[in-house]
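Notes follow the structure.
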Ligand SMILES: Nc1ncnc2c1ncn2[C@@H]1O[C@H](COP(=O)(O)OP(=O)(O)OC[C@H]2O[C@@H]([n+]3cccc(C(=O)O)c3)[C@H](O)[C@@H]2O)[C@@H](O)[C@H]1O
Ligand SMILES: Nc1ncnc2c1ncn2[C@@H]1O[C@H](COP(=O)(O)OP(=O)(O)OP(=O)(O)O)[C@@H](O)[C@H]1O
Ligand SMILES: [Mg+2]
């Protein structure tokens, strides 16, 4: 059953490569489960033309080790681009300019800092995609997509989203089927954007409950309200940039 899904995704990826007339596929490898599954899928789709990209950005060493384990386990070609200094330079320059105008918003600092990391990763992936003539493959699953739990034009800025119809539970099942390292499968999902961040703490609900909701199963009212609110507020991330009508003036 899971093998049939793997085969279908792999075939779809190959078709997309052919349609786009490119040479292969790449993905950012964080050490988390979603990118581990995608790295395996693109390696199956394009054995000689796939690339995993490790992009530490003030990341903790265990994430880097996990990312390397993923690369080793699937045997995919890889490159590491450390974005720590780039991020530091860019964020501190922006902060300095805003402080001099007395418009720096401390309350938004953590989020702004975190989203910049995601967007630097996106820029790095597209620089590599141009170099290799590859497409950028995203890792969003159905739960993240529905709730908008991604950075617009950051990790959401990709060419293909092969896992977008699969719940987090189904992605875990796929990871087990693909025999990914147990420590990758078992660890708590985290965007790794700040110390101690976990997806479930930040969202205020759990992937298990979001998955149930997506499958049409009953969930507590409180969770449904949270999920539907996240969904409504993130509608803009699932659409093209809003354009005005042609004004007849
Ligand atoms: N109604 C609207 N119509 C059009 N655009 C609208 C808008 N409302 C906000 N915006 C724009 O969207 C921006 C807010 O969206 P965005 O920049 O995405 O930022 P936002 O949704 O506030 O934050 C991203 C969230 O995704 C999480 N994340 C990010 C990256 C990876 C992962 C992970 O799981 O690995 C998770 C992160 O922890 C955080 O909770 C605003 O600054 C504004 O520019
Ligand atoms: N340090 C990193 N190096 C390379 N890519 C990264 C890094 N951090 C995040 N990414 C990219 O951003 C994506 C979004 O992160 P997200 O946390 O949702 O997925 P994940 O880490 O693969 O899985 P999990 O949800 O289990 O943490 C990752 O899948 C990966 O493609
Ligand atoms: Mg992660």
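Cβ coordinates are placed from backbone N, Cα and C, and glycine is handled just like the others.
Whatever TrEMBL says is automated annotation, not expert-curated.
Feature list (source: TrEMBL):
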DOMAIN    6-240  domain 'NAD/GMP synthase'
BINDING   28, 29, 30, 31, 32, 33, 34, 35, 139, 168, 190  ATP binding site
BINDING   34, 144  Mg(2+) binding site
BINDING   119, 152, 159, 236, 237  deamido-NAD(+) binding site
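Structural mapping of features recorded in TrEMBL.
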| residue | record | Cβ within 10 Å |
| --- | --- | --- |
| 28 | ATP binding site | 25 |
| 30 | ATP binding site | 26 |
| 32 | ATP binding site | 21 |
| 34 | ATP binding site | 23 |
| 119 | deamido-NAD(+) binding site | 19 |
| 139 | ATP binding site | 25 |
| 144 | Mg(2+) binding site | 27 |
| 152 | deamido-NAD(+) binding site | 15 |
| 159 | deamido-NAD(+) binding site | 17 |
| 236 | deamido-NAD(+) binding site | 11 |
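Taking only the Cα positions, the spacing between residue 30 (ATP binding site) and residue 152 (deamido-NAD(+) binding site) is 18 angstrom. Among the binding-site residues 28, 30, 32, 119, the residues whose Cβ lies under 6 Å from any atom of ligand 3 are, in sequence order, 30, 32.
DSSP assigns residue 28 (ATP binding site) to a strand. In space, 144 is the closest of the binding-site residues 119, 144, 152, 159, 236 to residue 32 (ATP binding site), judged by Cα positions. Note on proximity: among 28, 34, 139, 144, 190, the binding-site residues of the record, the Cα nearest residue 119 (deamido-NAD(+) binding site) is that of 28. Distance between Cα atoms for residue 28 (ATP binding site) and residue 159 (deamido-NAD(+) binding site): 13 Å, as a whole number. Considering only the binding-site residues 144, 159, 236, the residue whose Cα is spatially closest to the Cα of residue 190 (ATP binding site) is 144.
Candidate binding-site residues: 34, 139, 144. Nearest to residue 159 (deamido-NAD(+) binding site) by Cα distance: 139. Listed in sequence order, 148, 150, 152, 156 are the same-chain residues six or more apart from residue 237 (deamido-NAD(+) binding site) with CB atoms under 8 A from its CB. When the binding-site residues 119, 152, 159, 236 are checked against ligand 2, none has a Cβ within less than 6 Å of one of its atoms. If you compare every pair of Cα atoms in 119, 152, 159, 236, 237, the residues listed for deamido-NAD(+), the longest distance is 18 angstrom.
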